[in-house]
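First up is the structure itself, then whatever we jot down about it.
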Ligand SMILES: Nc1ncnc2c1ncn2[C@@H]1O[C@H](COP(=O)(O)OP(=O)(O)OP(=O)(O)O)[C@@H](O)[C@H]1O
Ligand SMILES: [Mg+2]
């Protein structure tokens with residue numbers, strides 16, 4: 001009695017009840033496919049979030065006001081916003097261009113490579129000849145912003161420091177804006193109006209591509225800081241200051257320098273809490289990846305439960321099979337089947353059920369991962385495939401062994417008398 | 001001469017306490033090689049119980065039982081399986097063929113468990129089926145065969161491993177007179193060929209085919225009659241071959 005023979009007996013046993021075998025297989029199939037697919041969805045969303053964060057630019061620190069005062073105002077005016085008191089501070093100071101200048105001081109902050117003050121205005125109506133489009137975000141800043149925020153131009157050029165000093169009405173637009181206003185035309189050199197103010201397009205940003213976020217990263221326009229302040233936001237506080245560190249190793253040092261400069265300028269210290277916050281991209285990435293991995297684990301846990309349910313299905317079917325075939329087991333034992341052969345036959349039956357289910361589940365999950373699910377492109381994680389397959393086979397062995405053992409242990413006469 | 005079967009003072013009690021059933025109350029039975037023994041007795045006298053113990057399907061509550069000189073009770077599970085496979089061929093009243101398996105595959109099964117190669121297995125299974133006159137039904141499944149044919153397949157399966165001892169518990173109990181004669185004819189020929197046979201029966205004319213008749217009552221042997229010498233031919237052989 002060799003292994004091949006035992007497998008042949010097992011296959012014959014399964015084939016004798018095709019419908020039942022198919023349904024049991026289906027249980028495992030769903031479990032395995034769910035594990036792989038849900039983990040793939042989790043991984044896909046995590047990767048897309050990471051990509052979004054990376055688009056903010058490498059080695060950058062974003063300084064923003066921690067009071068509510070920094071929000072981009074609509075239109076060309078700013079509403080006076082009531083200051084919310086947080087802590088003992090009497091007056092929170094907004095971020096100003098002078099703060100940005102202080103940060104650019106090489107003596108006080110040697111690890112800072114560039115500083116870009118930023119104001120932004122949301123949903124600005126732009127038009128070019130007949131076409132019009134509402135630009136999601138218009139940013140007013142310095143030329144260093146392009147590099148710090150990782151936004152290269154595809155066509156034309158950036159604007160320069162001269163343009164900033166002279167507050168020239170020049171603008172660099174994103175792909176979405178270019179398409180909506182110009183279609184196939186070349187926008188460079190053309191004049192558009194943004195909320196009635198004429199701007200000359202000097203460049204078009206390289207397409208960032210939709211990365212699964214809610215915002216279209218290409219629906220923006222960037223212009224010199226004073227130009228935007230004059231025409232769109234007014235000369236209020238900055239929304240944020242984008243600081244680029246010299247290198248990845250300098251980020252921590254730069255953050256410390258920014259803190260000490262701003263603490264001094266804003267009178268923070270002792271009982272006075274900081275009225276600004278620094279967003280470190282690396283920290284953000286870590287936080288987000290921790291959050292997304294929790295999410296992935298949750299998804300995997302849900303899927304694992306369905307795999308377990310599939311396993312219980314196998315146990316159930318094997319119990320039924322063994323009970324139903326107790327007489328047959330008795331006959332086999334009466335003509336000299338050793339315990340190992342009976343045990344082997346039923347174990348192989350259970351393992352085959354789960355293995356076939358597992359393999360089909362992998363196939364279906366991999367096929368399903370080719371589609372976009374809920375706006376997310378799933379990324380199949382190889383280890384989840386190995387794990388799901390391994391677990392499904394282990395389930396077959398584990399849950400199959402109880403009924404198989406029970407069958408193998410029966411004394412022939414008990415099995416033969418079984419009704 | 002060594003005994004094929006040596007049962008010494010075997011008892012079997014089912015259950016315990018008030019409801020205990022003493023199916024065997026001390027049975028001793030010796031069978032020499034080549035003997036053809038019929039065990040008779042009223043219903044409930046313990047015939048099947050004794051047969052199951054001899055066939056290694058059940059264990060006695062007390063007493064010893066040697067098969068071919070080996071104390072079977074002392075063997076472990078795996079060796080008992082080997083004994084069932086090699087030394088015993090068991091024919092049941094209710095045929096006990098495995099459903100959805102053709103006649104030849106049923107007959108091959110003991111050889112498969114005995115580790116015989118497929119080609120050799122097929123050859124011997126076909127030979128055994130030929131011996132019981134079923135050469136033309138080898139690929140039929142049990143539900144496509146008559147009762148008599150099924151019982152002949154079961155006999156072929158019991159014989160295919162050339163066991164030391166052929167056991168049959170009312171092999172003709174579920175058969176009509178023609179099929180009964182077929183089966184008895186096979187047993188007589190096997191006995192004439194020197195095979196040791198123990199058969200349980202209710203019917204006197206079945207018992208008349210045996211060389212020796214043992215009668216049980218209430219778990220005890222009450223009569224042991226020899227009809228023909230151990231090394232002779234079975235008494236009714238001429239009739240069935242005629
Ligand atoms: N598994 C069992 N549990 C309890 N009692 C049993 C069991 N098997 C048999 N008996 C009892 O043991 C006694 C002997 O039974 P056995 O089957 O040996 O009789 P038998 O001589 O073969 O009868 P029959 O000719 O009807 O087949 C009977 O009284 C029966 O009720
Ligand atoms: Mg009986």
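Cβ from N, Cα, C; glycine included.
Residues A:21-42 are the range that TrEMBL records as transmembrane segment, among A:21-42, A:43-64. Matching A:260-286, A:341-367 against TrEMBL, the residues noted as transmembrane segment span A:341-367. Note on the transmembrane segment (A:21-42): residues 14-15, 292-293, 295-296, 299-300, 302-304, 306-311, 313-314, 317, 353-354, 356-358, 360-362, 364-366, 368-369, 373-374, 376, 378-381, 384-385, 387-389, 391-392, 395-396 of its chain, located 6 or more positions outside it, place their CB under 8 angstroms from a CB of the stretch. Confidence across the domain 'ABC3 transporter permease C-terminal' (A:301-411), taken as the mean pLDDT and rounded to a whole number, stands at 84.
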